[in-house]
């Protein structure tokens, strides 16, 4: 029987789709690096009566009446975010990481200003200046990337480009970079050319909160993040900044980019921040990193090539060219074995972004199920059976491994 009792009565089609999605999440191994499974407490907050409340403005300065209780919720989220990351100011209203990034741009830049960000094709993000994104249309972005041989950011090259282009803002952070980011070096480069520094830590925020990745907060005027991914909160965004930028950042989000905040999601963010301050969260993040290292080793031992040779965080990029597979083909084949990944461009990829030569793999969601290093080696074996062999017998063996792991590590048990 479905848990969506009222929904089944009102809209059985949507309820049925939700039932199928829940079944997929329970019976598949989720390896998309940007996805995770929130706690039931976070889901309760996200599905609460707060979805009914309009609250344009900020706590104590609303354009609607009846905001005394949602003010309490937003203040909790703000104070917890500041405490969790040691920040001077936090804006928890962005609906997404993309909105958080645009909020920073509109707070500190004018249209046409020069910004230095990471090349999307080398692991950056659409909102770091891709020409198809609004960021690339409003501002003059120039790109840095990774070294062709090491797969790592060449900071000397970043400095050279910064000296040549004199950006007003440098953006550090990535959506597909498996190595530690040197925020001190980015700060030094920014200072040398008179630029501000923004760090998009969307992927690594949970690791930063747990002290397992250097924090960008002491180095950057602005830090943006999503609240899902490794942070294991609801889908949403957040901006941390120095106090001197607080008013401009807040004004850029509301009324600049958004109207009413999503108070039910802000409540869920507050819950996630509270969870992230517990000792169990640090242990969880340590397991994410240990699982990523174990999965990287398991794949390497089975003949897979990883961009940069491995990982320092929660994700890895697999270069499939030695397997004579495209990322698109690998994603489809793994999905048939109930392993969920996403096709992803590798640096200097000869394939189009719709095909790609690689896949991106991450461990946050599998770790949320309780999987450990031994389980990651079994996952590596299932991936190997599916992609290196691909015969019907091998695919059946891979599915059997997935079934056993999902039974051993149930979701929302």
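Count begins at 1; order follows the chain as displayed.
Any Cβ shown, glycine's included, is placed from N, Cα and C.
Feature annotation from Swiss-Prot assigns (6S)-5,6,7,8-tetrahydrofolate binding site to 120, 124, 125, 126, 352, 353, 354. Swiss-Prot lists 229 with the feature N6-(pyridoxal phosphate)lysine. Annotated site 'Plays an important role in substrate specificity' per Swiss-Prot: 228, in sequence order, evidence recorded as sequence analysis.
Overlay of Swiss-Prot annotations on the structure.
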residue	record	contacts (Cβ under 8 Å, 6+ apart)
120	(6S)-5,6,7,8-tetrahydrofolate binding site	126, 128, 129, 130, 345
124	(6S)-5,6,7,8-tetrahydrofolate binding site	117, 118, 130, 143, 174, 175
125	(6S)-5,6,7,8-tetrahydrofolate binding site	101, 118, 173, 174, 175, 200, 202
228	site 'Plays an important role in substrate specificity'	34, 35, 36, 38, 234, 235, 236
229	N6-(pyridoxal phosphate)lysine	33, 34, 35, 36, 202, 203, 205, 206, 364
352	(6S)-5,6,7,8-tetrahydrofolate binding site	none
353	(6S)-5,6,7,8-tetrahydrofolate binding site	121, 345
354	(6S)-5,6,7,8-tetrahydrofolate binding site	328
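When Cβ atoms from all protein chains are considered, those within 10 Å of residue 126 ((6S)-5,6,7,8-tetrahydrofolate binding site) total 16, not counting its own.
DSSP gives residue 120 ((6S)-5,6,7,8-tetrahydrofolate binding site) a helix state.
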